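Below is one structure, written out as structure tokens; the observations come after it.
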Amino acid sequence: MSTTSTFSLKKEPVGQKPTFIQPISSCRVCSGESVRFQARVSGMPKPEILWFHNQQLMLPTTDIVFHFDESTGTAMLIIVDAFLEHAGQYSCKAGNSAGEATCTATLTVTAEGKTLKPSFTQKLKFKSVLEGDPAVFQCKLVACPTPAMTWFHNNRPIPKDLRRIVTMESDMHIHSSSLEVRDVRERDSGSYKVFAINSEGSAESTASLLVAQREEQNAKYLDFLRNIEAETFQPKSVTTLKEAAREQFLGDPPLEQPEPIPKATSINHSYTHKEPQDSRIDTKPNEQLEEFQAMIAKKKSPESIIYVLLCDG
């Protein structure tokens, strides 16, 4: 009896050749800008990634960075600052035990940079200032090539002088400009506009300036103080008010005092009066009293009064 023995051969797992799901793309940048090549690749086992520039193997440096994300299979090449010598053909090669794959793209670096239509990233804002204070308008925009910028006041170009100062700064394709109006006057109020234009197009931004007179501001401030005083005022006592009224004259020169009125002095004059001999009524005392009262009314001196009394006596 013959027996047939069956042998099962253990097969080695077959690997998956690398395949680029998303290859790198060609790009065009300005001199000094950063560049990023990115690709997605699949394969088993994990493929090894190599980068080539004009068919020359690239090595990482401070300006050239390689990165591979295993979870997503994303391979990345970053050039921090791209210059004319970085232009050319770039290749990403992925390989494993099952095979290899390559994708290619082109990098173009222009010395003058790419062109961009002006676009404001920070527009002008409304301003309200007091007469005599400065007013500053600021804006930022992106444009390439560098745009020509003009400022307008009520649709009229603003001439450069000592009171109106226009500044402009540029960093690559980012530009900023400001307008400072010193010693603002009432006629400076109105609409302000900045207009930017280059070979690719134009853009503008507008805002208003409100100038408040200081007299009006002071009047509003005084009204504000009066309202606060009316709400918090508490009446003082009569004694306190009198004391305050007296204190306000402490620094003034003394007033001229009226002459004192002399006090009335009593005059005591004694004289001898003879009684009448007869029993008839003597009318002299009554006559003397009437004459004495008449003298007082005529403001005669006490000496004359004494004289009369003595003579009649």
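Indices start at 1 and increase along the chain as displayed.
Placement of Cβ uses the backbone N, Cα and C atoms for every residue, glycine included.
Annotations in TrEMBL come from automatic prediction, not curation.
If you check TrEMBL, you get these features:
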type: DOMAIN; residues: 18-108; note: domain 'Ig-like'
type: DOMAIN; residues: 118-210; note: domain 'Ig-like'
type: REGION; residues: 251-285; note: region 'Disordered'
type: COMPBIAS; residues: 272-285; note: compositional bias 'Basic and acidic residues'
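Under DSSP, the residues of the domain 'Ig-like' (118-210) split into helix, strand and coil as follows: 3 helix, 62 strand, 28 coil. Averaged over the domain 'Ig-like' (118-210), the predicted model has a pLDDT of 91.
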